[in-house]
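According to TrEMBL, the transmembrane segment annotation covers 12-28, 40-59, 95-113, 125-152, 172-195, 207-229, 241-262. Among the features that TrEMBL reports, domain 'Rhodopsin' is placed at 22-263. According to TrEMBL, the feature region 'Disordered' maps to 269-360. Annotated compositional bias 'Polar residues' per TrEMBL: 271-282, 322-332, in sequence order.
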Amino acid sequence: MATPFQTEAWTEYGLGVLVILLRIFSRWKIVGFNWQGDDYFAVLCLIFWTLELVMLELIGQNGTNIGITDDIGATLTADKIAQLEFGSKCLLAGWNFYVTLIWCLKACILFFFSRITLATSQQRVVKWTAIATILAYMGVILVIWCHCTPVHKNWQVVPFPGDQCTLAVANYLSLVVLNISTDMLIVSIPLPLLWAVKLSLKRKLAIGVLLCSGVFVMIAALLRCILSLKDIDGINVSTIWAIRETFVGIIAVNAACIRPLFSGSRWLRSSKGSSGTNQKYSGFSDKDGHQLVTIGGGGQSVDRSGKPSKRRHNKYNMTELDINSSEEQIVTPSEPAWSAKGGRGNTPASSSSGQQGGIVVTTTYEVKPGNKI
């Protein structure tokens, strides 16, 4: 009969799989199979999420070398020792799968932020954060494999390899420091964009919750470390909190991509120009002189009637971020937009529209590939 920990773990696993599949479906509805980097990392998340749960189950069935002193080891049979060694190997593998899953989730959100910060100064911040995140991942993996040497002591049962190898306190400390540090960097990326956006406070908060959901992951990571170290002699608390942390991370990271599925008829609304032609950028100037730069995810072109265009998506997948749409939209202060014909945004059409206040002028930029210099 399943234990309460097993029931909770597999329930969260099923919900996590559902969230990832909904994310994949949502992106498919928007961009088809013209996937971006975060879409591929979402598939990797599904794989490592499954591996993490399998390792948890095997650890529960076989046990580990935690707490097996020399006195206890002397009473064990050869079969029991082999069983504990196998469970300890699963624990080491589980550490690697768990950490890799956490960093795959970070990669998902970094690719997402890379799209919504395209052509903005924050793009450089995303790149430097990505480098720091990669180095942090390498650091954690290095600690996992090097805190106990030779490596076989990680699963050695008899003689007792020592608490340094079995309890792996170094793993918890290095993980919580590097995990939360990189999360703080990632969460800070969209804040300047939210500050500049011209939206009501309510909508800013709603979009902020979606974009800065990494805060919930940081809280879960901190709780996992504290509670695991508090009950360091047992494996149950550590493993179940690893599942809880990654479950929260899966929901937080994929929430923004799933949101369009629950926004009704507006989820196919596109910010592209009314001509329905493919383009790299689309600018919208409001009466306050702020430009709406549509960048990133994968919106769908519309024709003059407002219906989805039958044209193929362009390779840039430019979209807008809206709490009620499938698109990634950012409003940033800018100079008056240039029209497709090279004119300024203060042409007669745009001037008359600006005087009425409620009308938004769409400026379309058509970018064609040319020879590199």
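Using the three backbone atoms N, Cα and C, a Cβ is placed for every residue, glycine included.
Only pairs six or more apart in sequence are counted, and the transmembrane segment (12-28) with the transmembrane segment (241-262) gives three or more Cβ pairs under 8 Å, enough to call it a contact. Remote same-chain residues near the transmembrane segment (40-59) are listed as 6, 9-10, 13, 16-17, 20-21, 23-24, 27, 86-87, 90-91, 93-94, 97-98, 100-101, 104-105, 107-108, 111, 235, 239, 242-243, 246, 250, 254 (criterion: CB distance under 8 Å, separation of at least six residues from the stretch ends). With a threshold of 8 Å between CB atoms, the same-chain residues lying at least 6 positions outside the transmembrane segment (125-152) that come near it are 92, 95-96, 99-100, 103, 106-107, 110, 113-114, 117, 161, 164-165, 168, 170-171, 174-175, 178-179, 181-182, 185-186, 188-189. In the predicted structure, the domain 'Rhodopsin' (22-263) carries a mean pLDDT of 90.
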